[in-house]
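Down below is the structure, laid out as structure tokens.
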């Protein structure tokens, strides 16, 4: 079966916890004024794209961001748990600066395999291996629903950084290596084309971490 889809991946708008330097994970905090402005700017940049559907995580910051992007357009918005942010266990809600210098945090941001191997003693959080499995499955679930058209995906920093590396053909174990992925700005836009034929399926990177549409701070 032939399929042609274009995915527009958006990180949620900036939140109160982002401003305070707190590790957010599956906790939730409201969008700030800057977060709303970023979402509206993304909506303006994408207003000529005829989306057939939009998907967010189940966390309110992505739902709100998606709604600002969609505006008054009649685009169905769905939630998928596979798009939720990585769960950081007992680290959630703490000041990032409190743990930034620790080997545990350095493994989180640089060495995914080492982080997974020690996660029980670190924070009892969600391993990168599980995040990779559920986020990739979310995209496959969405592909099953649609044949053609543009799909908006609103998700989170860790989830998208890993997922986009997977779509580009990298392993989850390698996704934090230099040149493999980048830290995604709030309300940045990344784009992948997807094609499926009877023989194969493929993702093609079009744009990564696009920020030209965002207000200059």
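Please read every residue number as a count from 1 along the shown chain.
Yeah, the Cβs are placed from backbone N, Cα and C, and that goes for glycine too.
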One of 61, 67 listed by TrEMBL as binding substrate at the site of 11, 12, 13, 14, 15, 16, 17, 18: 61
DSSP-derived class (H/G/I helix, E/B strand, else coil) of residue 85 (active site, proton donor/acceptor): coil
Rounded to the nearest Å - Cα separation of residue 61 (substrate binding site) and residue 12 (active site, tele-phosphohistidine intermediate): 6
Residue 85 (active site, proton donor/acceptor) and residue 13 (substrate binding site), distance between Cα atoms, whole Å: 14
